[in-house]
Amino acid sequence: MSAPAPEATIGTLPSLLGATREELGDALAAIGVPEREIRMRTAQVWHWIYFHGIRSFDTMLNVGKGLRTTLAAHYSLERPQVVSEQVSVDGTRKWLIRLPPVDAQDRGAEVECVYIPESDRGTLCISSQVGCTLTCSFCHTGTQKLVRNLSAREIVSQLVVAREKLGDFPGLVPPKDGLLPTEGNRPITNIVFMGMGEPLYNFDNVRKAVSVLSDGEGLSLSRRRITVSTAGVVPQMEALGREAGSMLAVSLHAVRDDLRDKLVPLNKKYPIKTLLEACRTYPGASNARRITFEYVMLKDINDSPAEARELIRLLKGIPAKINLIPFNPWPGAPYDCSDWDRIERFSDIVFNAGYASPVRTPRGRDILAACGQLKSETEKLRARARLLGED
């Protein structure tokens with residue numbers, strides 16, 4: 001179900017961007033930094049990479065010139081390439097990011113990353129895989145085959161790239177177009193692993209990435225503001241809560257196994273009862289750290305009042321909130337979005353039972369950046385490569 005994730009690129013110096021503290025310390029030891037200085041030097045370099053967002057080792061003013069020169073001779077701070085940036089009429093931004101090649105056969109995989117600004121927050125939706133194995137029938141990403149896992153460094157680099165584009169490092173200027181939060185001083189306040197891929201099929205790299213994203217001396221995002229979404233990879237859920245400490249979101253979308261088998265085929269392996277048992281024992285779940293259940297509203301498929309009442313019954317005893325997601329269309333999609341009055345009635349039933357049931361406002365539909373619409377250009381690149389190979 002998973003694919004290996006790379007750490008270094010071919011033909012270039014390895015990038016330290018995205019490295020954990022341990023990996024950064026190992027990199028410094030490998031170029032001759034004395035053991036007694038490793039901890040101090042790691043803290044210095046870490047601060048420059050993740051707090052200041054530097055692109056060159058030469059800008060590390062409190063690090064000696066000799067070490068800066070040695071670092072530059074052996075490592076880089078290379079970022080992925082932003083192939084395109086689209087800005088929606090509602091201020092949502094979507095970046096197509098091309099990752100450096102990892103071997104001679106790799107032509108540069110691509111992922112999509114989405115920024116959703118609101119008045120009081122800015123949410124970055126990041127990817128954990130190139131493509132996906134799950135083939136959820138309502139999701140555009142599910143129509144793209146899995147290419148490979150992203151490394152922890154590639155996951156972290158999505159936030160670094162986004163912060164650069166939004167002027168969110170010292171000395172950078174925010175963009176003039178689009179929207180940014182008007183309350184507070186941080187354009188990116190939340191991260192959701194709801195982009196391309198199933199995060200729990202890339203658990204080790206997601207866990208490592210969360211440790212970098214949440215480090216208080218660098219990128220400094222609270223783990224309570226990092227949400228990992230899963231379609232229900234039950235064996236990894238407990239470990240996610242215990243080792244990553246992030247918030248959990250579950251892509252539920254149905255209250256009957258026969259329907260969920262079609263919408264989320266993973267349900268055949270981990271049916272609803274098994275999934276909800278794992279939610280009940282999720283480490284740290286409480287009224288202050290509720291599990292989010294995502295429920296896409298599909299016209300005449302899963303949107304009846306009876307299904308709303310069954311959802312309430314299923315979630316009894318779980319600290320939960322339910323995000324109702326109007327279906328976002330994509331080319332060739334086999335579903336339609338529920339009528340608005342149907343969505344509101346469903347929401348009212350759930351809310352009156354004591355569960356928060358916000359209806360997610362569709363964002364970025366005009367640039368295919370909304371929930372369920374992401375699909376990279378990697379497949380097109382591979383198709384072109386095959387055609388070139390046949391010439």
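Keep in mind that glycine also has a Cβ here, set from the backbone N, Cα and C atoms.
According to Swiss-Prot, the protein has these features:
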ACT_SITE  GLU112  active site, proton acceptor
ACT_SITE  CYS371  active site, S-methylcysteine intermediate
BINDING   CYS132, CYS136, CYS139  [4Fe-4S] cluster binding site
BINDING   GLY197, GLU198, SER229, SER251, LEU252, HIS253, ASN328  S-adenosyl-L-methionine binding site
DISULFID  CYS125-CYS371  disulfide bond
DOMAIN    118-368  domain 'Radical SAM core'
Exercise. Identify, among the recorded positions CYS125, CYS132, CYS136, CYS139, LEU252, the residue whose Cβ has the fewest other Cβ atoms within 10 Å in this structure.
Key: CYS136
Quiz item: Across all chains shown, how many C-beta atoms besides its own are within 10 angstroms of the C-beta of HIS253 (S-adenosyl-L-methionine binding site)?
Solution: 24
Self-check item: Those recorded positions listed as GLU112, GLU198, and which of them has the most Cβ atoms within 10 Å of its own Cβ
Solution: GLU198
Quiz item: At the Cα level, what's the spacing in Å between the residue listed as 'active site, proton acceptor' and HIS253 (S-adenosyl-L-methionine binding site), rounded?
Solution: 23
Quiz item: About how far apart, in whole Å, are the alpha carbons (Cα) of HIS253 (S-adenosyl-L-methionine binding site) and CYS132 ([4Fe-4S] cluster binding site)?
Solution: 18
Quiz prompt | Cα-Cα distance, maximum over GLY197, GLU198, SER229, SER251, LEU252, HIS253, ASN328, record's S-adenosyl-L-methionine binders, Å | solution = 19
Exercise. Express the distance between the Cα positions of SER251 (S-adenosyl-L-methionine binding site) and CYS132 ([4Fe-4S] cluster binding site) as a whole number of Å.
Key: 14
Practice problem: Give me the Cα-Cα distance between CYS132 ([4Fe-4S] cluster binding site) and GLY197 (S-adenosyl-L-methionine binding site), rounded to a whole Å. | Solution: 5
Quiz item: Which whole-number value in Å describes the distance between the Cα atoms of GLY197 (S-adenosyl-L-methionine binding site) and CYS139 ([4Fe-4S] cluster binding site)?
Solution: 11
Quiz item: So which binding-site residues out of GLU198, SER229, LEU252, ASN328 end up within 10 angstroms of CYS139 ([4Fe-4S] cluster binding site), measuring C-alpha to C-alpha?
Solution: ASN328
Quiz prompt | Minimum Cα separation from CYS125 (disulfide bond), reported as the residue among binding-site residues GLU198, SER229, LEU252, ASN328 that achieves it | solution = SER229
Self-check item: Confidence summary for the domain 'Radical SAM core' (118-368), mean pLDDT rounded
Solution: 91
Exercise. Would you count the other C-beta atoms found within 10 angstroms of the C-beta of ASN328 (S-adenosyl-L-methionine binding site) for me?
Key: 22
